[in-house]
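Trainee: According to TrEMBL, the protein has these features:
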- B:6-28: transmembrane segment (TRANSMEM)
- B:40-67: transmembrane segment (TRANSMEM)
- B:79-102: transmembrane segment (TRANSMEM)
- B:109-127: transmembrane segment (TRANSMEM)
- B:163-190: transmembrane segment (TRANSMEM)
- B:202-224: transmembrane segment (TRANSMEM)
- B:230-249: transmembrane segment (TRANSMEM)
- B:261-281: transmembrane segment (TRANSMEM)
- B:293-315: transmembrane segment (TRANSMEM)
């Protein structure tokens, strides 16, 4: 999966942790952009405005 | 249809589960591997993959949680740095204690009793503090006494707390020993230690706790990934849900009262202690029902507490906006808020 089986040991571990980190940052930025666009609308909707 | 070797239904289950865990993690700064590892074990993943994937997931979620808390100014880097160094040293000490106990053949019994006792003890202490005025006095008395110890160098933490770096180091070392001894991340010990022992405000304790978990989670994930024991598709889908949940959970800490955070935290710990005790008894006496009770308790408590947290935040949002139209959600919310407020107020008075 993800081509990581072709490498081994510490390199594989660094690649795995790096992939998880990259996904986390991407999601943080992506959801951040989404919440800055829609956040107030949702808060207002939930708040009943 | 499969994505990264996983069916759509399973992918949706993992994303939903991630959302639930992310909300709890963003709110409490704990609960990641505590919930993911047992879930993966129940689904039939080998124990090393369950633990390794749990750690990788905790790392990813805590990166997002820490960034979110940083945005809210709820991370103290000095505190996190000292705690991380002290806990790393302490964990090595805790492992040595485990190896010594294994040689005597008493390790399993002592570790299990200590784990259940600590979860229950910290849970009861937190519950007492959340529900009583006298509890607040006791915890602030302890923090005042700790802050009065002037061993240099003194450091000033966020929230105006001034405390000895040596004391912070000693607290971190003690938590590290317990973490290494029990084989847990230590989040459930670190957060109350910062709140009650050092007098750090709850929101900053959560943010700092998450930063520390990020560092230890990265190290743990790296260790397991060396032997290929991380299921990346599982971690990926869990993260997809938890990234949103962590954002919601961290945002809610700004809306919900400190005492409410403590109350929910205590409920999670008490449910966890009963679940662990039930699981261990089930294994010892071969009673499958107790193992089922344990699983239901862990996931039921997670679902109930995360729902309560979100409802409390919705109540606060609606309470801050008087004059809006009354609808069924508002009525249900108002009823919940009245019950909730009455419970806390009647107990504290």
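Just so you know, glycine gets a Cβ as well, placed from its N, Cα and C.
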Trainee: So which of B:6-28, B:79-102, B:202-224, B:230-249, B:293-315 has the most C-beta pairs under 8 Å when paired with the transmembrane segment (B:40-67)?
Mentor: B:230-249
Trainee: Taking contact to mean three or more C-beta pairs under 8 angstroms, with sequence separation of 6 or more, is the transmembrane segment (B:230-249) in contact with the transmembrane segment (B:6-28)?
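Mentor: Counting Cβ pairs under 8 Å, at least 3, so yes.
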Trainee: Considering only the recorded stretches B:6-28, B:109-127, B:202-224, state which has the highest number of Cβ pairs under 8 Å to the transmembrane segment (B:163-190).
Mentor: B:109-127
Trainee: With the transmembrane segment (B:293-315) as the reference, which stretch in B:6-28, B:79-102, B:202-224, B:261-281 has the largest tally of C-beta pairs below 8 Å?
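Mentor: Comparing B:6-28, B:79-102, B:202-224, B:261-281 against the transmembrane segment (B:293-315), the winner is B:261-281.
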Trainee: Can you tell me which recorded stretch out of B:79-102, B:202-224, B:261-281 has the most Cβ pairs within less than 8 Å of the transmembrane segment (B:109-127)?
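Mentor: Answer, by Cβ pair count: B:261-281.
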Trainee: For the transmembrane segment (B:6-28), give me same-chain residues lying six or more residues beyond its boundaries with a C-beta closer than 8 angstroms to one of its C-beta atoms, as numbers and ranges.
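Mentor: Distant contacts of the transmembrane segment (B:6-28): 35-36, 39, 57-58, 61-62, 64-65, 68, 187, 191, 206, 210, 233-234, 237-253, 261, 264-265, 268, 302-303, 305-306, 309-310.
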Trainee: Using a Cβ cut-off of under 8 Å, list the residues of the same chain at least 6 residues beyond the transmembrane segment (B:202-224) that approach it.
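Mentor: For the transmembrane segment (B:202-224), the nonlocal Cβ contacts are 25, 27-30, 32, 48, 51-52, 55-56, 58-59, 62-63, 65-66, 69-70, 72, 74-77, 79-80, 83-84, 87-88, 157-159, 185-187, 190-191, 194-195, 230, 250, 253-254, 258, 261-262.
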